[in-house]
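**Q** Encoded as structure tokens, here's the structure I'll be asking about.
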Amino acid sequence: PQEVYFKNLSKQKQKEVMEKNGNNHKLRVCVATCNRADYSKLAPIMFGIKAEPQFFELDVVVLGSHLIDDYGNTYRMIEQDDFDIHTRLHTIVRGEDEAAMVESVGLALVKLPDVLNRLKPDIMIVHGDRFDALALATSAALMNIRILHIEGGEVSGTIDDSIRHAITKLAHYHVCCTRSAEQHLIAMCEDHDRILLAGCPSYDKLLSAKNKDYMSIISMWLGEDVKTRDYIVALQHPVTTDIKHSIKMFELTLDALISFNKRTLVLFPNVDAGSKEMVRVMRKKGIEHHPNFRAVKHVPFDQFIQLVAHAGCMIGNSSCGVREVGAFGTPVINLGTRQTGRETGENVLHVRDADTQDKILHALQLQFGKQYPCSKIYGDGSAVPRILKFLKSIDLKEPLQKKFCFPPVKDNISQDIDHILETQSALAVDLGGTNLRVAIVSMKGEIVKKYTQLNPKTYEDRLALILKMCVEAASEAVNVNCRILGVGISTGGRVNPREGIVLHSTKLIQEWSSVDLRTPISDALHLPVWVDNDGNCAALAERKFGHGKGIENFVTLITGTGIGGGIVHQHELIHGSSFCAAELGHIVVSLDGPECLCGSQGCIEAYASGIALQREAKKLHDDDLLLVEGMSMKEEEIVSAAHLIQAAKLGNTKAESILRTAGTALGLGVVNILHTVNPSLVILSGVLANHYVNAVKDVINRQALSSVKTVDVVVSNLADPALLGAASLVLDYTTRRIY
């Protein structure tokens with residue numbers, strides 16, 4: 001990430017920024033950390049700041065539960081990371097109830113002014129939504145110290161929401177992790193130019209962690225006999241707005257885990273009100289001495305990553321479960337309301353009303369041992385370079401007083417400052433009979449970059465080439481300022497889009513049946529992956545970018561090497577009960593017609609596809625009836641459908657007759673579609689669409705019922721529907737996901 005950063009920001013630009021702040025002034029940054037959770041997010045930033053002493057001076061302040069023995073004395077891990085701790089502040093008033101939380105905030109407010117007066121930082125970095133962080137932000141704001149808030153704009157349950165948004169109003173600059181969080185900050189009237197969409201800093205470490213040695217870590221914390229995917233990590237905190245219920249829920253969780261009978265690592269809860277009662281529940285049930293349980297106060301973050309990455313399941317209500325664990329596709333059971341509103345990946349099963357042991361036990365049975373696609377909702381591994389770049393752009397001569405941007409706000413437009421603006425994009429893959437294509441496609445349907453290779457003949461070579469091309473495209477996306485949200489794949493044949501599996505392939509693509517595309521690509525790229533049939537993708541492309549935009553019911557017909565298509569009904573794509581819907585090329589229009597590649601006779605594809613026209617062109621050529629005046633062919637040239645079309649244009653009556661029959665067959669198929677699903681629009685796509693559109697309209701006028709004759713039949717205006725459709729699989733899903 002550091003190399004990428006320095007590519008994007010020249011040395012001259014760095015010099016200009018420093019000169020702007022006066023006489024090459026280094027930015028003095030104070031990072032204050034309160035607990036093990038916020039340190040996991042702040043540590044990558046601290047390492048980045050420390051690595052650039054020519055730009056920054058780092059002061060580390062430690063307070064809160066870091067300094068309490070019952071919570072693991074976690075300040076030691078900061079020392080082990082070779083950071084000099086400038087100040088240790090004992091700010092926690094013991095009692096673990098609501099009053100103790102308030103008193104802890106007050107104690108921090110009493111102690112912090114002296115520290116900040118001595119340090120005189122240019123900027124203080126505050127993370128998250130803890131009561132300790134509120135004390136930090138309040139002190140810094142009142143002492144006219146600029147505040148950079150990490151992870152603002154997010155939504156969750158409990159008092160944390162209120163604290164997080166209060167810190168947002170105190171902070172001068174904001175680093176958020178998701179597009180939704182960015183939009184929330186804008187809606188809260190924060191200055192657009194002071195919001196950075198960077199992703200979560202912890203993802204910079206997460207996405208490079210999974211392949212490290214992990215068995216020794218699992219053995220150390222859970223025992224020598226434990227295998228990967230055969231243990232559970234449990235982490236549950238009190239809900240401060242409903243302590244009584246959260247303690248009861250924790251009791252039910254432990255009962256369910258005991259019944260489930262799997263080795264379980266249980267971490268002690270945080271210091272919030274109610275934690276003391278939760279620890280009593282653990283001891284009452286003998287968890288610390290139970291043979292199936294390991295109860296610990298703290299696990300170093302590097303080791304914790306490995307434990308959750310290879311667990312069979314994680315259960316509890318920690319934000320780690322809905323945020324970081326998604327990077328590995330580990331199943332998560334999120335209990336209760338503490339994380340209500342958080343964006344989550346497919347791996348998270350919510351049990352909002354966890355009021356019975358059976359309900360939690362059933363969730364364990366559903367989730368344990370599964371493997372989900374890796375999710376990058378909260379980051380792509382490049383947060384720290386963006387944050388450092390953002391810090392360097394801060395002009396200390398600007399007025400300290402905050403500005404608020406009251407409504408109306410800009411709609412769905414990224415407000416990142418210009419030098420870190422990135423475009424939401426998808427990796428689109430098109431698997432054709434001849435070529436394999438990969439493209440970076442923007443939210444507006446612009447193909448930013450495209451790669452094309454011949455499609456290999458074997459499964460192994462094809463999959464290896466897909467991965468290689470996708471990795472290259474994902475790397476290039478950084479250079480062209482695109483943020484990749486996921487991978488969409490368009491392929492011929494019958495596809496199960498729910499599982500990302502090609503069930504049966506067309507004869508044009510060999511060794512391509514019962515192929516799981518989602519898992520290997522998701523694992524390699526750490527991105528969600530969607531797969532669908534090429535006809536369905538063409539329909540999705542029209543729905544998002546083409547004639548089908550805003551149309552409730554329409555049909556797309558692809559006229560190319562084969563005949564395919566997709567049906568959109570009430571704005572949704574129809575897949576059918578066995579994923580065989582919209583095989584429009586195999587509508588039979590004649591009982592004794594030519595044989596189709598599917599084995600049947602009289603299909604539209606047997607008349608109107610490129611293969612069918614090529615077959616008829618070869619017959620004419622063999623009988624010396626194809627070429628007419630104005631046409632010529634080289635001896636080694638292969639006869640194609642294009643020659644037949646050219647001959648018809650030059651007056652070859654037999655070629656004209658063949659094309660007329662093909663157009664009639666396609667038109668009859670369209671009439672059958674009109675009588676079956678009654679769309680308001682038919683879109684012809686593919687290289688042959690322009691040759692067929694008038695014939696199809698004529699057949700509709702002659703053969704269709706009067707009630708459907710008014711249907712619009714148009715030719716697609718999309719240059720590349722396969723790639724655009726594959727991209728829309730990603731762009732539609734990731735931007736409208738609701739949990």
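Cβ coordinates are placed from backbone N, Cα and C, and glycine is handled just like the others.
According to TrEMBL, the protein has these features:
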type     : residues                           : note
DOMAIN   : 55-392                             : domain 'UDP-N-acetylglucosamine 2-epimerase'
BINDING  : R494, T506, D534, E583, H586, E605 : N-acyl-D-mannosamine binding site
ACT_SITE : D534                               : active site
BINDING  : H586, C596, C598, C603             : Zn(2+) binding site
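I'd like these features described in context: how deep, what's nearby, how far apart.
**A** Around the Cβ of T506 (N-acyl-D-mannosamine binding site), the number of neighbouring Cβ atoms within 10 Å comes to 21.
Around D534 (N-acyl-D-mannosamine binding site), the same-chain residues six or more apart in sequence whose CB sits under 8 Å from its CB are D430, L431, G432, S490, T491, G492, I558, G564, A722, G725, listed in sequence order.
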**Q** If you average the pLDDT over the domain 'UDP-N-acetylglucosamine 2-epimerase' (55-392), what number do you get?
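**A** That stretch averages a pLDDT of 92.
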**Q** Distance check, please: Cα of T506 (N-acyl-D-mannosamine binding site) against Cα of C598 (Zn(2+) binding site), rounded to an integer number of angstrom.
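**A** Spelling it out, the Cα of T506 (N-acyl-D-mannosamine binding site) and the Cα of C598 (Zn(2+) binding site) are 9 Å apart.
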**Q** Please determine which of the binding-site residues listed here (C596, C598, C603) has the lowest count of neighbouring CB atoms within 10 Å.
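**A** Lowest Cβ count within 10 Å among the binding-site residues (C596, C598, C603) is C598.
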**Q** Do you see any of the binding-site residues R494, E583, H586 whose C-alpha is within 10 Å of C598 (Zn(2+) binding site), and which ones?
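**A** H586, listed in sequence order.
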**Q** Just to verify a number: CA distance, C603 (Zn(2+) binding site) to H586 (N-acyl-D-mannosamine binding site), in angstrom, no decimals.
**A** 5
**Q** Determine, for the Zn(2+) site, the additional residues of the same chain whose CB lies within 8 Å of the mean position of the CB atoms of H586, C596, C598, C603; present them in sequence order.
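**A** Neighbours found: G585, V588, L597, G599, S600, I604, E605, A606.
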**Q** Tell me the Cβ neighbour count for R494 (N-acyl-D-mannosamine binding site), meaning other Cβ atoms within 10 Å of its Cβ, over all protein chains shown.
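**A** Taking all protein chains shown, R494 (N-acyl-D-mannosamine binding site) has 19 Cβ neighbours within 10 Å.
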**Q** In Å, rounded, how far does the Cα of E605 (N-acyl-D-mannosamine binding site) sit from the Cα of C596 (Zn(2+) binding site)?
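**A** Roughly 7 Å, rounded to the nearest whole number.
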**Q** Do you know which of the binding-site residues E583, E605 has the most other C-beta atoms within 10 angstroms of its C-beta?
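**A** Most Cβ neighbours within 10 Å: E605.
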